[in-house]
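Engineer: Sharing a structure, written as structure tokens. Questions coming.
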Amino acid sequence: MIMDIPESRGAEVSQKTNPEFMPINGNPEEDIKLRIIADNDPGKNYFAINGKRLQLLQPLDRDSTGMTSAVFQISCKILSSGQQITIPTLIRISDINDNAPQFLGTPYEADVPECLFQISCKILSSGQQITIPTLIRISDINDNAPQFLGTPYEADVPELSPVGTTVYRGVRATDPDDSVNGQVDFFVVPISDSPLDGSEHFTVLPSLGHVVVNHSLDFERQQTYLLQIIGRDRAEDVGQRFTSTTTMTIHVKDSDDMDPTFRYPDCTEVDGRCVSPEYRAEVTSGVLTGVVDTHPARIHAEDMDSLNSKITYSFLHGFPTSYSDYFRIDPRTGQLEQVKPVDRSTARQFDIILKAEEDTESRRYATAKLVVDVLAVDANPPEIQVSSIVGYAKENSPVGTVVMSTQNLRNPITLQVFDRDMTAGDPILNYKFELTTTAFAVNTEGVLVVNEPNLDREGPNNGRYSFQLFAREIGGEAASSPVSMVVHLLDVNDNEPVLPTYPQITVQAGDGRRNILRIQAKDEDEGGNAEVKYSIYHVSNNGKNKFEINETTGDFQVVRRVNSGEQYSVTVQATDQGGKFSHTIVEVVITPGPNKAGPVFRTELYDVKVSEGAAPGTSVLSLNANDPENERVTYNIVKGNERQHFVIRGDSGNILVNSMLDRESLSRYSLVVRAEDPQGLSSSATVNIKVMDINDKNPIFTHLPYEFEISEGKADAYVGTVKAVDDDLNENALVVYSVPEDSPFGIDVNSGDLFTKRALDYETDKVHYVVVTAKDSATDPRISTATATVRVRDMPDEPPVFKKTLYEANVQENRANIDVIRVEAFDPDEESSITYTILEGSERFIIDPRTGLIRTHQELDFERAEMHRIIVGTKENLSDSPDASATVLVRVQDLNDIPPSFTLLPLPVKLRDIDRIGTVIANIQATDADGTSANNHVSYEVVGTSKASNYFMVSRNTGEITLKDDLRKERDTEYKVLVRAYDNGDPQLATTATVTIFVEHLVTIPPDAGVGFTETEHTVDLVENADKAHIVKRLSVTNKPPDGVPFACTILNGNEKDHFYVVTTDDLDCEIRVKAAEIDYEWIQKYELIIGIDTLSGYINEQRHQARVVIRVVDDNDNVPEFVSPRADVTGSRFFFAVSEDAQIGTSIAQIQARDKDSGVNGHLHYELLTESNQGVYLGISESTGIIRNKKTLLQVPAHELPFKLKVVVKDTPLNPNDSKNASAPVIVNIVTETNRMVLVVQSAVPEEIKAQENTLIRIIEEHSGFIVGVEKIEPRHYVSLNNTMEMDQTGTDVTFYAIHPRSGKILQQNDTRLLNKLTGPDSQSSLLYFINGNLRVRATEVRQPLKLEEYRSVKVTKTFQDIDNFQAALIALACFIFILSVLAIVYICCLWKRYLTNKEEVRSSFIVPTPFEPVHHDIQQLKQYEVQTLNMNCMDMDDTEPSPPEPARMDIFTISSNLNLHEVDYITKDQKRLKGNPYLVGEDTVSSDATGSASGCNGSDVSFSGGSQSSVCDKKHRHNSNQRDVIERNVHEELCLERNGHLAYRETAICNETSGQNYYSSGGGMRNPAYDGSSDEEPPMSQSTTNENVMFRGRRDQTEHQGGTKFRVAGTTAHPGYPFVNERSPIDSTTEL
């Protein structure tokens, strides 16, 4: 799209484009959406889209910007389909007449030294006229002041420049006056009250205007000077002289005059230097650490000068002297490295002095101390030596008791720790012992002791403590291996015998000694402490003489007569050997003699009811049992009363309620009651008690607590459901619900559903508590209550307000983007929606709209405003109410942010070296503009490391500068006193000023005896790449100054690249040296250095104090040849070329170019091909030019040798062959054939235009495709005319090109899928043509293959009837005749087909199915007409070579193929149970029914190979399923012939059901189907496919039989009589999906 627009007149932006509207269909924003796409052209910034117009955004000035057009792209998106089109757009900017002519070089001036004219004189009396030539000479007066040229003046000068050095030569002035009036002299005047005045340091030569150094300079004191220069003419009258003034700025550049310093945090600093820096490091003995960490920081030094010169680190010296064998330091980074393991026997510590040296000519350096400690290697853990691992101690031993190693408690257990890593002289390490038990510990003396009191042998450990202990280094991580120990506790008599409690013993009345019980006591002690003796301590009822006990065995006996009814309490005592004892009481009851029977109940089962509300003591039932002996009967409950709810009176048998009953927990009881006589005979009865319900349970609410939520503003809304249950029965368990009448909620009395009776308000009540009452339906109802919590869900309907309307905050000044304070507004709604905004005072503050956090937007300044007021509000509440906004008062805190400023600085001071110490020299003053005290209190001090600090001092409070030492100690004539004014704030700020003090020294040396060079002109040759510090030239100096006079050599000019430096030798000569190995002949061939002498001005010989040295650089072969690849961005280091396959021998394929930066013979290059890369020697290269040519024809190159992958080597040829340097590059050459060529058709540009943009075209195709593209030729466009001739269109262009894959290097075929996807496919081609047209401004239409005439033999020709001649008429008649014959043939074939179908139907209807099946009639029209078979086949794994063009898809299942093998497939359908197919049959196929349409063939599995005969039977069976019966219609056996290696085999076949009757009929006359009814012995069973139920598979067959070339074919067929269609192929066979 191309549009025009005129440039703007002034700020005009209203001009319209031509055409005014873009030629695009559709309405913007309705049908289409337009936008300008980002592009690199700046013109896109000038336009915006307004509808279909391009609106100008800013004025267009074609004349000032030089922009004549704007190119960008417009995206057009079709809204209905989503399609997006990109339109390249060109806006041409036309010029308008908006500029007036301008004169150049104004103003115009001319000098007129004289005026020549003529005067006419007319004599009035005679009328005679005389002409008088007149010359007026104009004499000059001094009426013009000088005018400086080239202002402003500015120069740089190194601080070490000696006095007399010329700083600037460009001060010039002009004066229009003549003679002496126009001659100008220059001089310097001081600038009053200016600290930058340079009149004392610089002067100007009056007539030349050269600015020279007058006094020494110091960068650290002052970096800039202002020099006020006066230009004055030389008018003879001094009073008439004119002057002009200009100011020159001179910058002092820092020089290397200060030593470096080591620096690390927290070091002690004096004047910015670390004093006595020291580093420490540690290494392990015998271990190679590598990089060693240093403390307190890494080793680092820096240049004190601003030059920031590189620092070189090294070791200066150290002790022991072998330190350099073990350590090295990186000269650049200062990193300490250990290069060799250290043995502690060699050294335990290294003391090394570090040196940090500047890489400058002065070689200034600083030193630091490094201490490296050698630590013992922790190769072995500590080891514990223990005197015994088994110990003994008495139980209950006090804490601290020593554990002994023997049972007789002798020899304490001691522990010692030793470390194999420690050597003699190592400090003794302390260890602590850690035990896995707290019962024992190791004391400070290494003895194992008891650590816990009351250790009990009888405890869980059984007197045996097993534990582990190990030793750990105190303050370290080393720990020993654990040692296992066992401590046994020895027994002491600390336990008394324990007697058990015995139940009451019943003894029958009688006489004689009888054992009634054995008493056994237990003593936890062991040995003798556990031996127990028994005795009777006391017997009640005076019965002590009736009982005895064996003191050893504890046998308890009755020894005398006892009577029935007597009862004794016998106290038995058990005593151990230590006298500890215990007692127990044995109750003995004397019972009568033998009894006959026990009591008897009236019945064995009793049923009774009792109310659950019966009080304790209520009688339930009275039992009675009769004893045959009428003895007293005792009753008790022996079972069923586990809860003790009932009790029975033992004497009466009355059962009573013992505690309150609860039917809900237990409603029935079954008690077993026993009645017993005094002799112990008894009987029992069962009492069943049923508990009757009463209303004693309250309703109980379930699923507590109840919490519900409902939105505000809804009436009669469901809230939730409460539920209560009552464990009573019937009416006692029926629950109803209620809530208070005044509640805003109601409830369903039966279901418990809560609902709102009115709309709720969140702001009034956020939570409601509803008391729900649950009541049962008994006559005496019981109730329960529960509280339901109902939360009201807020709906946004309230504006936010500020509860706090005044905030105060403090903020430090000079800090931007920091938090000030957070304001908070309250939103009554639960879902808060607050957006904060600043209503007033937002110029320096911003607020987070979500959080209310106020931050500074700009830095605050305490000196400008001490407080700021901000009004904050919310966007949701813009009302005027007081709580709709909040005020924030921000107080600014003063910081020390302004350094002191000098208000009074003295002019340079002149002193004599004899002035007295204490003389007040000058006074300086400074002020501080900070707003608070301490920050604005100023103090003074002299700083710097120069000599001035040794001779001058300043008063801390007043600023007075005084002399403090004798100036005659130095020869310096100038001192720079650096005074520092600092405040007392935090952080402290300071300002420095320099006070210049000149000291007068007299020197009386004759001028001709001054210091100077013996020769002032030198020429020397220097080979490039000379080593660092290489001596270039030594300049001898004469009249050398005496000792003590400063002397130095310096380079004044010519060393701008800083390649050289000059050194002053010990005998005061000057040596020029190479500073770095950077001398390069290819860069600079010659240097001219001006060397000067720097000493006291009185010693200088003005004629010989400078020398000129010309250094000529000699070339060396130091550069490696470099290949020149014009397309290195695409191909990298490789070269890609291609040559046509029909190229003649000797054709120039490409030229390899390389360059060598060396000159002369060092830059002469020689090319060659490596032999191993040039297989076949098809190509060769010119040694001198690098041109690659073919040495053989390329038509018969084997494919495996393509592409040619060559390696080209280029060498230079220096005089010394050993110094030759070479480089190599891979070269890939492809052969271009007709199948590789592609043609880009351009219809709107001639070949010359395309050739001019060839590189751009190649770049576009490569970027679009990712391939490497080569253009073979550019020629006029070719096309095929209507008469099948090749024609050329001179207005168009054909660009023939090829593409190479960048990874493999192979040229691509036209039909390569990668090429189709990237270039020649429809989508990719459309995109490519779009980019070509947009970038080249052409109309490219297609990318196609080269034209071939044979492709266009069928040409459509349109002619009128009049153009048809006789020959053409004859052709038309012949065509009509052929058409008629074709129609007749089609009719005939249709008739034959009809007959064929009729015959087939007759055969089908005449076929009779043999028994045992019933006749079945089928509707042929309902049978399926085709069968779809799906085959799963493996594809060959091809390599990365591109396949040849695909041929038309086809399938011949009767042809052997290595890729498609149907040999293993049996076709089985549901209706046709089995159908075998052999793909290796050639010739006539067997018959298939048109009704079933199933595939037919041979089953290769039936073919057997033995000897010279092979046979196969092809079976074709059709089976239809109707009413669950199978019908086999026909079995056709055909004779097959297998031809292999020239042998033929024949086998007679016949129809199975007429001849053998054995293939598909059982011996009983029935039929079977092998596929569905089972398998025979001759063939393996078949299995159904998992993916297609119509396909059956047999076991895998051996495929080697046909891979050697075996062929199968039908040798002959035997047709069944009456089946004329057997050898005809069915028109409907089978469809195979691949």
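Cβ from N, Cα, C; glycine included.
Automatic prediction, not curation, is the source of TrEMBL annotations.
Sequence annotations record features per position, and here TrEMBL assigns compositional bias 'Basic and acidic residues' to 1-10. Look at TrEMBL and you will find 1500-1512 tagged as compositional bias 'Low complexity'. Taken from TrEMBL, the feature domain 'Cadherin' applies to 17-103, 149-262, 275-384, 395-499, 516-601, 602-701, 702-802, 803-902, 903-1009, 1014-1123, 1131-1249. Positions annotated as region 'Disordered' by TrEMBL: 1-25, 1487-1518, 1563-1587, 1599-1634. Annotation source TrEMBL lists transmembrane segment at 1369-1393.
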Engineer: Does the domain 'Cadherin' (1014-1123) reach the domain 'Cadherin' (702-802) with at least 3 CB pairs under 8 A, where each pair is 6 or more residues apart?
Structural biologist: no
Engineer: DSSP helix, strand and coil counts for the domain 'Cadherin' (903-1009)?
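Structural biologist: The breakdown for the domain 'Cadherin' (903-1009) reads 10 helix, 47 strand, 50 coil.
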Engineer: By DSSP, what is the split of the domain 'Cadherin' (602-701) into helix, strand and coil residues?
Structural biologist: 0 helix, 48 strand, 52 coil
Engineer: Tell me, roughly as an integer, the mean pLDDT over the domain 'Cadherin' (1131-1249).
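Structural biologist: Taking every residue in the domain 'Cadherin' (1131-1249) and averaging pLDDT yields 84.
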Engineer: Which sequence positions outside the compositional bias 'Basic and acidic residues' (1-10), separated from its termini by at least 6 residues, show Cβ-Cβ distances below 8 Å to it?
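Structural biologist: Non-local partners: 16-19, 22-23, 54, 56, 59-63, 74, 87-96, 98.
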Engineer: Could you give me the DSSP helix, strand and coil counts for the domain 'Cadherin' (1014-1123)?
Structural biologist: 3 helix, 53 strand, 54 coil
Engineer: So, by DSSP, how many helix, strand and coil residues make up the domain 'Cadherin' (702-802)?
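Structural biologist: Going through the domain 'Cadherin' (702-802) residue by residue, I get 4 helix, 45 strand, 52 coil.
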Engineer: Could you give me three numbers for the domain 'Cadherin' (395-499), the DSSP helix, strand and coil residue counts?
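Structural biologist: Output for the domain 'Cadherin' (395-499) reads 0 helix, 40 strand, 65 coil.
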